[in-house]
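As recorded in TrEMBL:
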{"type": "ACT_SITE", "residues": "GLU18", "note": "active site, proton acceptor 1"}
{"type": "ACT_SITE", "residues": "GLU18", "note": "active site, proton acceptor 2"}
{"type": "ACT_SITE", "residues": "HIS147", "note": "active site, proton donor 1"}
{"type": "ACT_SITE", "residues": "HIS147", "note": "active site, proton donor 2"}
{"type": "BINDING", "residues": "HIS17, HIS21, GLU45", "note": "Zn(2+) 1 binding site"}
{"type": "BINDING", "residues": "HIS17, HIS21, GLU45", "note": "Zn(2+) 2 binding site"}
{"type": "BINDING", "residues": "ARG156", "note": "chloride binding site"}
{"type": "DISULFID", "residues": "CYS172-CYS184", "note": "disulfide bond"}
Amino acid sequence: IKQCVEITHNHLVTLHHELGHVQYFLQYWDLPIVYRAGANPGFHEAVGDLMSLSVDTPTHLQRLGLLKDYKSDDEADINALMKMAMRKIAFLPFGYLIDQWRWNVFNGKIKETQYNSKWWELRSKYQGIKPPVPRSENDFDPGAKFHIPDDTPYIRYFISNILQFQFHKAACEAANFEGPLFKCSIYNSTAAGEKIA
């Protein structure tokens, strides 16, 4: 992997996500060409995020020497769960509305003269937010999300946000982890690795 990174927590998690993609590619490289893709577009992102979930646990970060003076108590658990909720649950409405907008453009329900207004209707409906300044059809706010001008389907990220927790739970069970799922790291577990493969 060639990636310009800084030594930060975010880049550590992102790197493991990308390594999850590599691992998934390696699982089917030798299959017939018709099978050389993910079983579902959300699977790739879910496998990547599974790796991120595991590496981002306090136990694993302590093991790496990146989290010092950590004390597992109710306050730390609530903070970890709130951080997870802000990253994962808050994303779901946005992950859903991107392709709602795209599909409605493709099927003609959203006309060219409505691109921006319908975008903000969806943002308001699903996320409960409004634009910070007045917007018009002279603006094209959907284009700020790379996947829209690149014509890349986005529903995979919505699906992966659900699948990753199912995959993580299965891997943690294979690793015989006991405890809350958000504390599970599958580091060094051959059984979890075999389950993922």
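Including glycine, each Cβ sits where the backbone N, Cα and C put it.
Using CA atoms as reference points, the recorded positions HIS147, ARG156, CYS172, CYS184 were checked against HIS21 (Zn(2+) 1 binding site), and the closest is ARG156. In terms of local Cβ density within 10 Å, HIS17 ranks first among the binding-site residues HIS17, HIS21. Sequence-distant neighbours of ARG156 (chloride binding site) (same chain, six or more apart, CB under 8 Å from its CB) are ASN40, PRO41, GLY42, HIS44, GLU45, listed in sequence order. Of all the Cβ atoms in the protein chains shown, 14 others lie within 10 Å of the Cβ of GLU18 (active site, proton acceptor 1). The Cα atom of HIS147 (active site, proton donor 1) lies nearest to that of HIS17, taking the recorded positions HIS17, CYS172, CYS184 as the candidates. The two recorded residues, CYS172 (disulfide bond) and HIS17 (Zn(2+) 1 binding site), have Cα atoms 17 Å apart. Here the Cα atom of GLU18 (active site, proton acceptor 1) is found 20 Å from that of CYS184 (disulfide bond). When Cβ atoms from all protein chains are considered, those within 10 Å of CYS184 (disulfide bond) total 23, not counting its own. Counting every protein chain shown, 24 other Cβ atoms lie within 10 Å of the Cβ of CYS172 (disulfide bond). Between the CA atoms of HIS17 (Zn(2+) 1 binding site) and CYS184 (disulfide bond) there is a gap of 16 Å.
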